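Peer 1: I grabbed these lines from TrEMBL:
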- 320-350: region 'Disordered' (REGION)
- 12-31: transmembrane segment (TRANSMEM)
- 37-64: transmembrane segment (TRANSMEM)
- 76-97: transmembrane segment (TRANSMEM)
- 103-120: transmembrane segment (TRANSMEM)
- 141-162: transmembrane segment (TRANSMEM)
- 168-189: transmembrane segment (TRANSMEM)
- 196-215: transmembrane segment (TRANSMEM)
- 221-246: transmembrane segment (TRANSMEM)
- 258-277: transmembrane segment (TRANSMEM)
- 289-312: transmembrane segment (TRANSMEM)
Amino acid sequence: MQIPIKRSLERVPGGLMVVPLFLGAILHTLFPNTATFFGSFTGALFNGALPILAVFFVCMGAGIDFRATPAIARKGGVLLATKVGVAAILGVVFGHLLGEAPITAGAFAGLSTLAIVAAMNDTNGGLYLALMGQFGRPKDAGAYAIMSLESGPFLTMVTLGLAGLSAFPWPTLVGSILPLVIGMVLGNLDRDMRAFLSGAAPVMIPFFAFALGFGLDLAKIWQAGLLGIGLGAAVVAVTGAALFVADRLTGGNGVAGVAAASTAGNAAAVPAIIAAANPAYAEAAGPATVLVAASVVVTALLVPLLTAFVAARIPREAEPSEPLLDPAARPATPGPDRSTGALRPGNRRR
């Protein structure tokens, strides 16, 4: 008897990240001492998110190709700078208003600068590539090779520092991006290593998601429900408007910009990493993880609708086919995007 567990998870937006995250939260709420009770390897599965994430970022970095064509590099660079720039501006504004701590009362309880920046900074790669396969041009899809540099906590740390909040020492900043850089070097030196490592990244997602979820309280998740929906809608509206304009200014029709206005599944891991690096964010990390996870789901639902709406009203310019990414960067077998669990364009179910 076969049960389609993986296929069922993939039907949920960001399912490989979100479902294990909430399963971990449920288990922690009902049996909070489970990790201590079992200890050893089982306990590590409940508490070992950071080591798994370190390996995950090495695998992600291996899929980034240094040899992007100039057009792809320009498109990806502009979208990357716009997305991160919007997050930085909001980080500065809310950093002065809120500081490091979350709001503790009222309808916005749990909202923090950390949650806002983490949700805004990182694009859902699987969703972006799938939408570009349907509505975009080859160089628009290839731009994700550059945009994937958003992944991980490094840019969030830099943004929080620029916002005038508790800064991070330079060894911590270097350490936050070093696994990604190591993966990039390995993947560009050896195509076989690129295929080997980048294909392993999706396997890590449910494991670090479950461990992150085990650190959450369901009562706080319930409180963050509507606020998480609002944060997701704000990500689409604010970053979507800026990315649409940036895409138009670089010769696009705006569709690629709108398609990038989402939150990546692995962004839900960033608050815990930030708190581990700087205890000043410890209070904000739990609620921020919940809010960012909600934003992942909300943006995964809204962005395809908005992208289709824009594409129907703005004609796409035809252009000759060109290679998107090095074929070796793709996993050897069909699978979900490494950041979200969303299917790639070539892996649609029949």
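Just so you know, glycine gets a Cβ as well, placed from its N, Cα and C.
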Peer 1: Taking the transmembrane segment (37-64) as reference, which of 12-31, 103-120, 168-189, 258-277, 289-312 has the most Cβ pairs under 8 angstroms?
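Peer 2: The stretch I would name here is 168-189.
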Peer 1: Hey, would you say the transmembrane segment (196-215) packs against the transmembrane segment (141-162), going by three or more CB pairs under 8 A that are 6+ residues apart?
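Peer 2: The transmembrane segment (141-162) and the transmembrane segment (196-215): touching, no.
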Peer 1: Can you tell me which of 12-31, 141-162, 221-246, 258-277 gets the most C-beta pairs within less than 8 Å of the transmembrane segment (103-120)?
Peer 2: 221-246
Peer 1: Which residues of the chain, 6 or more past the ends of the transmembrane segment (76-97), have a CB below 8 A from one of its CBs?
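Peer 2: Hits for the transmembrane segment (76-97): 68, 113, 116-117, 120-121, 123, 142-147, 149-150, 155-156, 159-160, 162-165, 238-239, 242-243, 246-247, 249-250, 256-257, 260.
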Peer 1: Pairs of Cβ atoms less than 8 Å apart decide it: which stretch in 12-31, 141-162, 168-189, 258-277 has the most with the transmembrane segment (221-246)?
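Peer 2: Out of the listed stretches, 258-277 contacts the transmembrane segment (221-246) most.
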